[in-house]
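To keep things clear, I will list the structure first and then write my remarks on it.
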Amino acid sequence: MKTVVKATARTLKQQATTIGGSVTVVWAGFAAQVVTNNAVMAWGIHPRTKQGLWGILFAPFLHGSTEHLIANTVPLIVLGWLVMLRDSKHFVPVTLLSMLGAGLCAWTFGAPGSVHIGASGVVFGYLGFLMLAGWYARSVGAILLSIAVTVTWGSVVLGVLPGQPGISWQAHLGGFLGGVLAARWLAPR
């Protein structure tokens with residue numbers, strides 16, 4: 001019993017370190033914006049431009065305001081931890097596929113002259129992964145987690161639809177699809 005408790009505590013500590021490190025990097029990106037008087041915003045996603053391709057890597061670390069940053073931080077922590085709860089090894093590939101999906105979709109379908117920034121594409125990727133991972137894994141625990149996430153966060157999925165100006169539905173949709181792809185790819189065989 002003692003060994004199980006120690007192993008669980010070690011796993012939780014590793015997960016907290018991973019999430020904490022990820023959030024710290026996102027906040028460091030915002031700090032860089034403040035220090036450079038937003039000069040780093042040039043590294044956002046500029047649709048269909050060569051430079052805008054770099055934004056696929058950097059946009060999740062840039063935010064339009066402190067409120068925008070905080071609004072993304074909370075679901076990054078909660079949903080990111082739930083991704084690791086499924087399997088800690090899934091965190092990095094789910095994050096990268098979400099970033100790639102969000103970035104490519106924003107770069108391809110974003111309005112000319114716009115700049116897409118923020119970690120919400122990754123948040124939607126985590127959501128897509130968690131909602132579909134149970135379907136692909138076909139285990140009771142995975143299905144229950146998928147149902148719980150869908151019931152709790154399901155209405156957020158409407159953010160993949162065009163609607164509110166200044167919100168990158170393209171990144172939301174691409175991130176969600178990246179998460180779904182990750183759920184399929186990482187499913188047990």
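Glycine is no exception: its Cβ is also placed from the backbone N, Cα and C atoms.
TrEMBL does not curate its annotations; it predicts them automatically.
Annotated in TrEMBL:
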{"type": "DOMAIN", "residues": "52-186", "note": "domain 'Peptidase S54 rhomboid'"}
{"type": "TRANSMEM", "residues": "21-45", "note": "transmembrane segment"}
{"type": "TRANSMEM", "residues": "65-84", "note": "transmembrane segment"}
{"type": "TRANSMEM", "residues": "91-109", "note": "transmembrane segment"}
{"type": "TRANSMEM", "residues": "115-135", "note": "transmembrane segment"}
{"type": "TRANSMEM", "residues": "142-161", "note": "transmembrane segment"}
{"type": "TRANSMEM", "residues": "167-187", "note": "transmembrane segment"}
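For the transmembrane segment (65-84), same-chain residues at least 6 beyond its ends with a Cβ under 8 Å from one of its own Cβ atoms are 15, 18-19, 22-23, 26-27, 30, 90-91, 94-95, 118-120, 122-123, 126-127, 129-130, 145, 149, 153.
Of the candidate ranges 21-45, 91-109, 115-135, 167-187, 115-135 has the most C-beta pairs within less than 8 angstroms of the transmembrane segment (142-161). Assigned with DSSP, the residues of the domain 'Peptidase S54 rhomboid' (52-186) fall into helix, strand and coil as follows: 109 helix, 1 strand, 25 coil. Of the recorded ranges 21-45, 115-135, 167-187, the transmembrane segment (91-109) has the largest number of C-beta contacts under 8 angstroms with 167-187.
Note on the domain 'Peptidase S54 rhomboid' (52-186): mean pLDDT across this stretch is 93.
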